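S.K.: As listed in TrEMBL for this protein:
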type	residues	note
DOMAIN	A:70-293	domain 'ABC transmembrane type-1'
TRANSMEM	A:7-28	transmembrane segment
TRANSMEM	A:76-96	transmembrane segment
TRANSMEM	A:108-129	transmembrane segment
TRANSMEM	A:135-153	transmembrane segment
TRANSMEM	A:160-182	transmembrane segment
TRANSMEM	A:221-241	transmembrane segment
TRANSMEM	A:274-297	transmembrane segment
Amino acid sequence: MKSSKLMFVVFLGPALLSYLIIYVYPVLRTALMSFFYVQNITDNSSEWKFVKLDNYINLLTDNQLFMQSLKNIGYIYFWGLLGVMFFALLFAVILNSGVRFKEFFRSVLYLPNIVAAVAMGTMWVQYVFNSQYGLLRSIFNFFGLTGLAEFAWTDDTHLLLSMTIAYSFGCIGYFMLIYMAAMDKVPSDYYEAATIEGAGIFNKFFRITLPLIRNVFRTTLVLWSTGCIGFFAWSLMFSNINWNIRTVTPMVYMYNIVFQDAIGMDPSQKNAGAGAAVGMILTILAVAVFTIINFVVKEDDVEY
Amino acid sequence: MRTNKTLNRFSLSKELPLLPGYILVTIWVVFTLIMVGWVCLASLSTTKSIFSGNILGDGIHFESYKHAFLDNNLGAYTLNSIIYTSVSITGMLLIAAPASYMLARFKFRGNKFIQGMFVVAMGIPSIMVILPLFSLAAQLGVLNSRITLIIVYIFTGIPFTLFFLHTFFSNLSRSFEESAAIDGCGPIKTFWVIMLPLASPGIITVTIFNFIGIWNEFFMALIFANHSSLRPLAVGVYATMKSFLYAGDWPGMFTGVVVIFIPTLILYILLSKKIIAGVTGGAVKG
């Protein structure tokens, strides 16, 4: 259908305008700002001091806190992804295998996704991982595993592990739904034929399901990466409300050097330009990850 | 789907191989339900009972709710959340629905490019846009105002809303527009009166998602509305968390948590089928 100019402006204009204001302008300005020293985020651009690549160099060479935040998010990215993919695939296979109450199970597994991170985080830190009345402690004690019951989940040394478990726990239901939808598209006669040929459940999974849903793993990686870049609220919930070097993530680091003078943070480190550089580094890392994925996992049309 | 019919009659030989699956999923589900259920009970309990491990040992107490709403601003936070959420989800629809319709139904140069632009936007992390938006708001003197946060919510929600509705508009039959045109109905009126109502299943689903997203949003609100009278629930409860912990008021803290998740939980219980169907509506290719 052809469209009139007026209709174009009325229907598409506001959306395009919003795009310019909320994406084009800020992204360009963030990129520009990352090359400047900007003491206060509200400073006029005339007060910015051009420092070439200094923000990047400082962040990546002698900034322990930022490097730790990258290590932390790398840990969450890698181990969390492994755990989430394993359990999400497992549950997707189980729920698609013909169990009863499939819809009920599916709803409860997805449930954590509709709860705010602040609420979920508090539940985990203050209840599940609690060392006195916690759920995990009760469960392990019930089964007589007193050694495990005494495990100090919220100790400084275990905080990152605990946070990764808690965060990933919630994501499993989401990725499970995505895998289930992909599995539903695989024609059932493939499985019937395999069953006739005597293939077991593992053979069917590794030889039919997995190869046929491989394109969905790219979606997984994109969604997982986006989630990790924005990793913020969970980190605050797991660090006793303040930031903590054990759980600091790039977003939290950025928040601290741009928006507040956190306790223990050297005020001279306040630099919105470095905050912008943090964003750029994360974006570059994400783009690099996508490029590698595209290179390794070729997108080919799976035809049924 | 394929096994639904054979399910109705119980047969041991069919169910037995599924047993490990049942056990695993059941453990997971029970764990989740205990977690949510316990927090609800804890909000009605006392700090002493919580620590003694005998929740509700001292009976049911509503004090923490009274205390939270009367002394701790929870009522104001809730009201803020309602304002932010309702205005934002409406605004997103008003801007995204016509744009989505236009992109789905009309051929014009740059259509594919504009669609690509909005796809890219869904991958732009908030860290890349937040700093200039903050300084822009500061220069315009609109920091810490409800309107700023609402505009940020509306604008950042447009790409997702637009994309979600795109499928629904593309699947509508051309004959609706053709007969409307024959009857002398202009394209703009056709959209509002005929096409938009036809896409209502999609509009309802995307609005549920937008509702949950904004209700639970934390980062933007922390930056743009970090003033006690402007905070939505998530930020408000976060801000009072410290004082709960300091005062040893565990029921109070869990009350905050419950108040945050009860609205989305009720919505989910009522509409879980629609929500679950919508999750994979856009995300799966191939």
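One is the number of the first residue shown, and numbering goes on along the chain from there.
Every residue, even glycine, has its Cβ placed from backbone N, Cα and C.
Here the structure is a predicted model, which means the values were calculated and not measured.
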S.K.: Would you say the transmembrane segment (A:76-96) and the transmembrane segment (A:221-241) are touching, if the rule is that at least three C-beta pairs must lie under 8 angstroms and be 6 or more residues apart?
M.R.: yes
S.K.: Who are the chain neighbours of the transmembrane segment (A:76-96) in space, where the CB to CB distance is under 8 Å and they lie at least 6 residues beyond its ends?
M.R.: 102, 105-106, 109, 160, 163-165, 167-168, 171-176, 178-180, 183-184, 205, 209, 217, 220-221, 224-225, 228, 231, 249
S.K.: Which range wins on Cβ pairs under 8 Å with the transmembrane segment (A:160-182): A:7-28, A:108-129, A:135-153?
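M.R.: That would be A:108-129.
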S.K.: Mind checking which residues of the chain, 6+ beyond the ends of the transmembrane segment (A:135-153), have their Cβ under 8 Å from one of its Cβ atoms?
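M.R.: Same-chain contacts beyond the flanks: 127-129, 161-162.
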